[in-house]
Every structure is written in C-alpha cells, then in structure tokens.
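Down below is the structure, laid out as structure tokens.
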C-alpha cells in the first residue's frame, strides 16, 4: 500500500508540473539597459519588445557585477529560448559567487528586479529514525532510477542538440557556388580585420573590413536581433541568389561567447555606399539616372521572380519588405544592387511564408495598405508593397537629375517636405492614406520627354490601388524604352541643327537602320 501511495503522489507531481508549463506567462517586453551604450552606439536604457519564432519561448535577462558591495548593471534585455529560464517568474542568480551574475525569467518586465540567492547544501536531520523500506521497493528503486536518469539525460542531450542546430546552422559559409567565382574557404580560416564603421541601421552597424587583400562589408547584429541575422542568412543561402543586382554574400559567423555574442554577416563592399548617400552628395545625369533605375528594377524583378530548374535548385519568389534608397547600394560604375534582407519573405509552394507581421519596414516607405493594416497576406500583395516603395526611390532619383531645365533641388527624403525627417505612424497615415498625397513631381520635369515618362511610371508604381501598380520587370522595360527614345530624340535634334547649318539633306533616321 505504501508503494502505491508513493506512485500516485509522483503522478500527481508530474501533473502539477505539466499544468504549470501550460500556464506559463508570455514575455512580450523587457527592461533594457546597456552599460556600454556609448561604445556600442545604442540607447542606454528603456523598454525592449521581444521578438522570436512563435514556437519558441522568450525571456528577460539581467547581468550585473558586485564590486565591493556596489551593484553595477552590465546588461538587461530580451533573451532567446533557453530551458534554464523556463517557468521562472523572478530573475534569480543561484550560482555561488560568480564573477558576473546572470539571471533570466519569464513574464513581462520580470527583469526589472533581480536577486542573488546562492543554493545552500541542506543537511538532513538524523534525529528521527529511518523507516526501513521493503526489499522489493529497494530493488525496484535501485533498478529503475538509474535507467530513468540515463533516459532523461539522453532525451535532454538530443533536445539541446536539435535546439542548438536550429538556432545556429553548423556551416554558415556556403561551400557550393552555382558558377564563378569558385567557393571561398570557411571564414574562420581567413583573417578578418574591422577598419571603420560606415553605417548604422535598425538591426546593427556596418563596418568596412579587410579580408586578406580585399575589402568587405561586415554587418554586425547584437544577439537580440538574431532573428533578423538568421533571416538574412537564409535568404542569401537560397538557390539562385547570385545576381549582379543583388549584394554579393560572402559568409556569416557568430563571434564572442556567453552574453557578449555578436552575429556577423559578410558581404561585398561598395565604396560609393547607398543610393541615399550618393544622392546627398551628387546630382545625376539622365543616362546615370536610367542606368541606376534600370539595374535597381532588374534586381527587384529577379528577387520577385519564381525560377524553377536552376543548377543549384528552385529559387522562390522573394518579397524584400524594406525597399528604400538606403538599401540600394551602388557599385563603382553606378550599377545598383539590392541589400538588407532582414525582413524579406520567401514564397515556396505548399509552405507558409513565415513571419508575416503586416506593419514592418520603414514608415516613410510604407504603402497605404501597410499603414492601414489592411494587407492581403498573399505573395502578389507583398510584391506590390515593394513596388510602392520603389516608386518613392525613383522619385528620389528624379529629384536629383539634371535632365530638366529647372533647378535641381537639394536632396530630400520622400515626404520630408510634407512631414519632416522623423514622421510618426500617425503622420504617415494622415498624409498617405487619408489625404492620398505623394511627393511632388515638379512641373519642369514634364518638359523633358524622358523625365515626363519617368513621372508617369512613378505614379503607376505608387498608385493607391495596389493591383494597379506596375511590376518590377515592367519598370525595367519602360526605363530601357525611355532611354532609347530620348537618345533617338537627341540624335534627331543634332541632325536638324547640322542640316540647317550646312544646308545638306540627311536621310531620315529610319532609312539608315
């Protein structure tokens, strides 16, 4: 009877434990603090929203030091799926005298307060006599407990292996390349030296670095932005992502240990930087505008295209979801290439597109349907959102073009003239959705035949009706035709002038073809 009672009590404990797991609190926000905020160029403190896969748990963490009785916080923020944090409502460090104290917990803002309660060995009292156990019970106990312990260890080890494998792919540098150049060796075998910071963005900073005898770009993500780093790595690793108008991917790495882990993404380096930086410092001629716009449209059209039967597999259609001039880089010959795939979505037949939160991207470039939160979560809807943003980038190019007779404006971001440099979501909704305004297309642009056609193309890209927008492939073809037409018009003007001066009749251009 005693053994049966113990067995029933054990089952009751397991049931209670399962109920506690099912009733766990979800972590949505954590207290954020970074003691090295000046060095890392981040905010010092605040509230950090936690993001992650739906099937993984999110936690808060805190790290601190005890220096002569004075508590110094090192970092606080969101923590990724960690079994050691499961079902902990309070942030408590239990290790005995660690050099750096660490605790994690589950629940909103649960890291606001943190504690140190070292585990103490409890001495069992010996005054009470021990009730002798029946021989059969002892035999079962000594036989089953080791077996169950080994089984638990094996299962836990397998779970940890799977968890680690999914979180950090074991081989992060591509070992196969569908064409030239030949595949690079593992990044770990090459010396990589960071030289200078070139840009900062929502998910990290970009460094110019030296890899052997060539310059590369290194985008460094903090561990909190692992999801963006992993998404960008996965997009670059898809079949068919080697393209002249998509930023060349070199490799990815995890650097550092423990809580000071940084995630690196290594790509080709382009000295001219982003289209934003280039337009701030330079004006463009009509031919330069056409070349930049055409290669940008070609890159986006390739990204949007579903291409089966490639040598290295099936390339799915991909929506960028953060098209803007900052994410268009320029090579030395002004060829555009599209970068930054941290928010990109791939569309594979029979598979979910993954994380499809509606309002993502840069507010200034958000399409009306995104600002309204009225997105149709289908592939074509996401591709049309990219095309709206592309219309704004084409406007930026037009605003700095010297083709028209009028003055060239100082560089401004889309809607900067209407609502300034730091618009809120409400500002964008009011201007774009309710008033249906768009950046101004100058009257003087209409006097140039090519610019007039470009203005028409821009208006069809940012149309309020998403289904009426042009595709990226159509924009590419239009720009090619625009450039050809303006070259013909220019040539005919020259022929007319020469005829008037020399009084020599030239055959019409059609007869010379």
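Note: Cβ is positioned from N, Cα and C throughout, glycine not excepted.
Keep in mind that what you see is a predicted model, and the values were worked out from it rather than measured.
Per Swiss-Prot, these features apply:
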type     : residues                                         : note
TOPO_DOM : 20-139                                           : topological domain 'Extracellular'
DISULFID : 30-60                                            : disulfide bond
CARBOHYD : 43                                               : N-linked glycosylation site
DISULFID : 50-78                                            : disulfide bond
CARBOHYD : 66                                               : N-linked glycosylation site
DISULFID : 85-104                                           : disulfide bond
DISULFID : 91-103                                           : disulfide bond
DISULFID : 105-110                                          : disulfide bond
TRANSMEM : 140-160                                          : transmembrane segment
DOMAIN   : 192-485                                          : domain 'Protein kinase'
BINDING  : 198, 199, 200, 201, 202, 203, 204, 205, 206, 219 : ATP binding site
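Positions of Swiss-Prot features highlighted on the structure.
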{"residue": "30", "record": "disulfide bond", "Cβ neighbours (10 Å)": "29"}
{"residue": "50", "record": "disulfide bond", "Cβ neighbours (10 Å)": "18"}
{"residue": "66", "record": "N-linked glycosylation site", "Cβ neighbours (10 Å)": "14"}
{"residue": "78", "record": "disulfide bond", "Cβ neighbours (10 Å)": "24"}
{"residue": "103", "record": "disulfide bond", "Cβ neighbours (10 Å)": "26"}
{"residue": "110", "record": "disulfide bond", "Cβ neighbours (10 Å)": "25"}
{"residue": "198", "record": "ATP binding site", "Cβ neighbours (10 Å)": "19"}
{"residue": "202", "record": "ATP binding site", "Cβ neighbours (10 Å)": "12"}
{"residue": "204", "record": "ATP binding site", "Cβ neighbours (10 Å)": "25"}
{"residue": "206", "record": "ATP binding site", "Cβ neighbours (10 Å)": "21"}
Residue 91 (disulfide bond) versus residue 202 (ATP binding site) - Cα distance in angstrom = 28
Taking the center of the Cβ atoms of 198, 199, 200, 201, 202, 203, 204, 205, 206, 219 at the recorded ATP site, which other residues in this chain have a Cβ no more than 8 Å from that point?
-> 220
Checking the recorded positions 43, 91, 105, 200, 204, 206, which are within 10 Å of residue 60 (disulfide bond) at the Cα level?
-> 91, 105
Using Cβ-Cβ distances, find the residues under 8 Å from residue 43 (N-linked glycosylation site) that belong to the same chain and are at least 6 apart in sequence, listing them in sequence order.
-> 32, 34, 37
Average pLDDT across the domain 'Protein kinase' (192-485), rounded to a whole number | 92
Rounded inter-Cα distance in Å - residue 206 (ATP binding site), residue 78 (disulfide bond) | 23
Do you know which of the disulfide-bonded residues 60, 85, 104 has the most other C-beta atoms within 10 angstroms of its C-beta?
-> 60
Neighbours of residue 104 (disulfide bond) among the recorded positions 78, 91, 198 (Cα to Cα, within 10 Å) | 78, 91
Enter the number of other CB atoms within 10 angstroms of the CB of residue 91 (disulfide bond).
-> 25
How far apart, in angstrom, are the most distant Cα atoms among the ATP-binding residues 198, 199, 200, 201, 202, 203, 204, 205, 206, 219?
-> 14
Residue 198 (ATP binding site): which of the disulfide-bonded residues 30, 85, 91, 105 is the nearest Cα neighbour?
-> 30
Per DSSP, three-state class assigned to residue 85 (disulfide bond) = helix
